[in-house]
Amino acid sequence: MSKSLQKPTILNVETVARSRLFTVESVDLEFSNGVRRVYERMRPTNREAVMIVPIVDDHLILIREYAVGTESYELGFSKGLIDPGESVYEAANRELKEEVGFGANDLTFLKKLSMAPSYFSSKMNIVVAQDLYPESLEGDEPEPLPQVRWPLAHMMDLLEDPDFNEARNVSALFLVREWLKGQGRV
């Protein structure tokens with residue numbers, strides 16, 4: 001953060017709506033110039049998530065998973081919450097086993113992303129998984145997740161697939177491409 005910027009003062013935080021999964025807060029702010037505003041946000045949970053980009057035999061492994069927000073099956077990388085006490089790498093390996101049926105001997109952290117930071121505090125850790133071995137764990141998915149193997153040589157063609165459009169997946173694709181370029185693999 002720029003040292004010349006002063007964060008606004010939080011004057012009040014109030015819960016304005018609650019459901020089984022979400023809590024919406026109203027946040028009264030005063031900026032350093034004296035201007036006051038009321039914003040709304042999802043209550044911070046202080047839990048992060050992980051997105052895993054598995055690579056095997058020069059292919060990416062993606063899954064198709066139902067997204068109720070878009071009411072469609074989305075093509076993307078495996079992801080899930082980091083459980084309390086888990087490291088990013090432990091969560092990545094667990095989610096990979098639950099959703100893809102593989103574990104990884106080689107996990108590489110690429111970047112931590114935020115999504116809609118004006119409304120959410122959540123962070124997504126992007127991890128590449130390599131040197132895979134078959135291993136499954138029971139997950140919390142309501143149905144099996146079909147896998148799609150996509151050749152690394154054509155990875156950017158994913159951008160043309162109408163089911164591959166979620167922003168974190170697109171970001172992960174670009175991050176992985178740059179990481180692979182740095183290794184001389186694409």
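Cβ coordinates are placed from backbone N, Cα and C, and glycine is handled just like the others.
Copied from Swiss-Prot, the annotated features are:
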type: BINDING; residues: GLU40, SER118; note: substrate binding site
type: DOMAIN; residues: 45-172; note: domain 'Nudix hydrolase'
type: MOTIF; residues: 80-101; note: motif 'Nudix box'
type: BINDING; residues: GLU95, GLU99; note: divalent metal cation binding site
### Query
In terms of Cβ proximity under 8 Å, which residues at least six beyond the ends of the motif 'Nudix box' (80-101) contact it?
47-50, 52, 54, 61, 63, 107, 109, 125, 127, 129, 132, 134-141, 145, 147
### Summary
Counting every protein chain shown, other Cβ atoms within 10 Å of the Cβ of GLU99 (divalent metal cation binding site) number 25
### Message
If I take the alpha carbons of GLU40 (substrate binding site) and GLU95 (divalent metal cation binding site), what is the distance between them in whole Å?
### Response
31
## Note on the structure
Cβ contacts within 10 Å for GLU95 (divalent metal cation binding site), all chains included, total 26
#### Entry: Neighbour count (Cβ, 10 Å) for SER118 (substrate binding site)
8
### Message
Just to be sure I understand the packing, how many Cβ atoms besides its own are within 10 Å of the Cβ of GLU40 (substrate binding site)?
### Response
12
### Task
Please state whether DSSP places GLU99 (divalent metal cation binding site) in a helix, a strand or coil.
helix
## Note on the structure
Restricted to the motif 'Nudix box' (80-101), the mean pLDDT of the model is 97
### Task
Pop the Cα-Cα gap between SER118 (substrate binding site) and GLU95 (divalent metal cation binding site) into the table, whole Å please.
28
